[in-house]
Every structure is written in structure tokens, then in C-alpha cells.
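The annotation FMN binding site is assigned in Swiss-Prot to 24, 25, 26, 27, 107, 338, 339. As annotated by Swiss-Prot, substrate binding site applies to 180, 181, 182, 183, with the evidence given as similarity to another entry.
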């Protein structure tokens with residue numbers, strides 16, 4: 001069994017990873033009361049994934065500012081805690097992630113207007129749209145409200161916080177970071193003309209909207225070793241029209257030239273959560289419907305524009321054959337696996353790369369949780385996504401109980 005999926009890949013920073021099947025980031029809520037990692041449940045879970053045979057293990061979302069959380073239990077970097085204490089907790093986390101030589105990177109993020117139950121900040125004072133009608137409006141007003149437009153000083157502060165978090169990850173022993181610029185979080189809000197109405201240096205054109213991301217990449221690069229990996233997660237579903245696609249390609253060229261090591265393609269926001277639900281049958285191209293992955297068509301459309309930049313697609317892969325086909329067709333260089341990695345944490349080692357498992361049985365299982373009746377009645381997709389996310393969080397937090405089942 002000679003799989004392209006099993007071949008090593010060398011990133012721009014010089015790191016060589018043993019295969020092209022990577023465990024993608026998910027919401028995990030492993031933070032303690034000080035927003036630190038390091039609980040036994042957290043470390044045990046990552047020891048399991050580290051022994052699973054993944055080419056790379058990505059951690060769950062880490063927020064760069066504890067005042068704005070993407071999820072209530074997220075790990076975050078609190079500058080009021082002595083750095084030695086924070087670094088000790090992160091080193092224990094990195095060690096757990098790196099068992100048996102595994103490589104791990106930290107996903108770093110700021111939720112922007114998707115921070116709940118606080119006066120959130122965003123590039124512009126544009127609120128979330130959870131759907132038509134009074135009930136979605138009431139829910140949005142209660143949970144998210146209308147964000148406050150950031151000052152330039154606040155933008156500079158966020159850039160600094162991303163760089164400081166990356167430096168912390170490097171000092172702790174992680175192999176790199178992934179900048180989260182997808183799923184409707186702060187950086188995706190800046191990149192999108194729909195949520196960024198600024199007319200200063202950080203808005204008004206595709207290039208200006210990408211400036212905060214470019215500044216973050218440069219700030220990180222100036223503060224970490226050259227061999228430290230810096231990847232980025234990018235939305236596909238924000239770029240449906242010809243103008244949006246043109247802007248997208250301009251931004252991706254700028255991001256690639258700034259010095260990232262890989263680009264992960266995902267999609268969706270709290271308004272339209274395709275990262276959980278996939279692309280709707282009505283909107284999906286026929287070619288997308290016949291493939292497993294949600295975002296392969298977008299990946300193929302940008303492939304020729306980004307020569308030399310490793311491309312990762314996450315979302316929808318469920319079989320060895322589907323994963324291998326994506327690589328053979330040159331749709332991507334890397335396959336990202338999220339929820340199946342919870343139900344089958346040893347998926348690469350025990351199933352996908354196991355010669356004794358035939359293709360028909362080489363399946364990445366995922367559990368689909370029914371949308372609550374109230375969510376269907378209200379017509380708010382985000383509620384259904386939330387129910388499924390909570391189900392998987394509980395599974396993740398109990399994953400360490402199988403640590404000895406090697």
C-alpha cells in the first residue's frame with residue numbers, strides 16, 4: 001500500500017513531517033480557572049493523539065486575550081500571570097503533545113465580534129446576523145450585541161498579543177502556531193468587506209483589509225526561530241462572487257509572500273456554520289457533492305495561484321480513498337481530520353496506514369448530532385452547531401481515559 005497520504009512533507013520553515021494526515025484543531029475547553037492548560041485530562045488527551053500516528057497535531061483554539069473568548073473554556077494567554085508560571089504549564093502541554101517524537105502546533109485566535117456576553121470588539125460596528133425574524137435578533141442582542149469598532153492602538157495591541165502567544169508556544173517547545181483567520185473570528189472579520197467597513201490603513205481595499213494579518217505574520221516571524229512553523233487557517237465560503245474571489249486571491253498572495261508555511265482551507269462562520277454542517281446541497285457544485293471534502297473546489301480554484309505553498313483541506317473526509325484521491329488529483333497537499341480524530345484518535349496508525357485494513361473498511365467515523373427542535377423552530381443554525389460542539393467537547397475531555405489502550 002503506497003499512499004501519497006503516507007509520504008513526508010517538508011514545510012518552508014524546514015520542518016519535515018512524517019505524513020500528510022493531520023489532526024485539525026477543535027473546540028476543547030481545557031482551560032483551568034487561570035486559563036492555563038495542564039490539567040491531567042488535557043495532558044492525557046494530547047498524549048493519546050501524540051501516539052496516534054498523525055503527521056501533525058494541532059491544538060484547540062487558544063485565545064490571545066482572556067478578555068475575549070471564543071468559547072468559555074478556552075485556554076488563553078493572561079499577561080497578569082507571571083510568565084514563568086504560564087510557561088511551566090505550556091511546557092507540560094507541549095511535552096504531552098510531543099510524545100514519541102510527534103510534532104504539535106498551537107492554533108491562536110481572537111474571536112472579535114463572536115465573543116459572547118461581553119462588549120466585543122471588531123474592525124467595524126457590524127453585528128452578527130443569526131437569521132431573519134425577532135427571535136434570532138433577540139438571541140444575537142443577548143449573547144453578542146453590537147461590537148465596538150477597534151481603534152488603531154487596539155489593533156496594534158492585538159498584533160502584539162498574537163506575537164507574544166507565538167513566542168510563548170516556541171519557548172514551551174511547540175513546533176509552531178496556526179493563525180486562525182477563518183470561521184468568522186476577528187481576522188476573518190478584517191479580511192471580509194462585509195464586516196470591515198474601515199477607511200483607514202486597515203480597511204477600504206482587499207490589501208488594506210489583510211494588513212492586520214500580514215502585520216501579525218511579520219511580528220511573529222521577527223520573534224521566533226526560523227524553523228518555527230507559522231500556518232494560517234482561511235475561509236473558503238467568504239468568497240463566492242467574482243469580486244470576492246479576486247479580493248481573496250490578492251489577500252492570499254500577500255499572506256503567502258509574508259512567510260507562512262502552510263494554508264489550511266476551511267469555511268463558515270457563526271452566521272453560516274459550514275465548518276460543521278458542510279456546504280448545502282443547494283449551493284454545492286456537483287463536483288463538490290461527489291467528493292467527500294467540503295472545500296475541495298475552492299482549494300482547486302486557488303491551487304495554481306499559490307505554487308509552493310502547502311495546502312491543507314479540512315472538513316468532510318471520511319475514507320482512505322477519499323483522502324488519497326484529493327492528493328492524487330492535486331487538490332491539496334495535506335488532509336485535515338477533526339471530529340473523526342475524537343472517535344478514532346489512533347486513526348492514522350490503526351486504520352488509514354494499516355496495511356491489514358482494506359479500503360472498504362478504512363473509514364473515519366464521525367457522529368452527527370441531531371439539531372435541537374428549538375433550533376429548527378427558530379431557524380438558527382448556530383444553535384444546532386452548538387449542540388454538536390458540546391457533545392464532542394465532552395468526548396474530547398474523556399479521551400485520556402483510553403491512554404493505556406495502545
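We count from 1, first residue shown onward.
Backbone N, Cα and C define each Cβ position, glycine as well.
Neighbour density around each Cβ, counted as other Cβ atoms within 10 Å, peaks among the binding-site residues 180, 183, 339 at 180. All protein chains shown were included, and the count of other CB atoms within 10 Å of the CB of residue 27 (FMN binding site) stands at 18. Once Cβ contacts within 10 Å are tallied over all protein chains shown, the binding-site residues 24, 338 are led by 24. Residue 181 (substrate binding site) falls within a strand segment according to DSSP. In the three-state DSSP reading, residue 107 (FMN binding site) counts as strand. DSSP classifies residue 339 (FMN binding site) as coil under the three-state reduction.
Counting only same-chain residues six or more apart in sequence, the Cβ atoms lying under 8 angstroms from the Cβ of residue 107 (FMN binding site) belong to 25, 58, 59, 60, 61, 62, 177, 178, 180, 233. The number of other Cβ atoms within 10 Å of the Cβ belonging to residue 181 (substrate binding site), over all protein chains shown, comes to 26.
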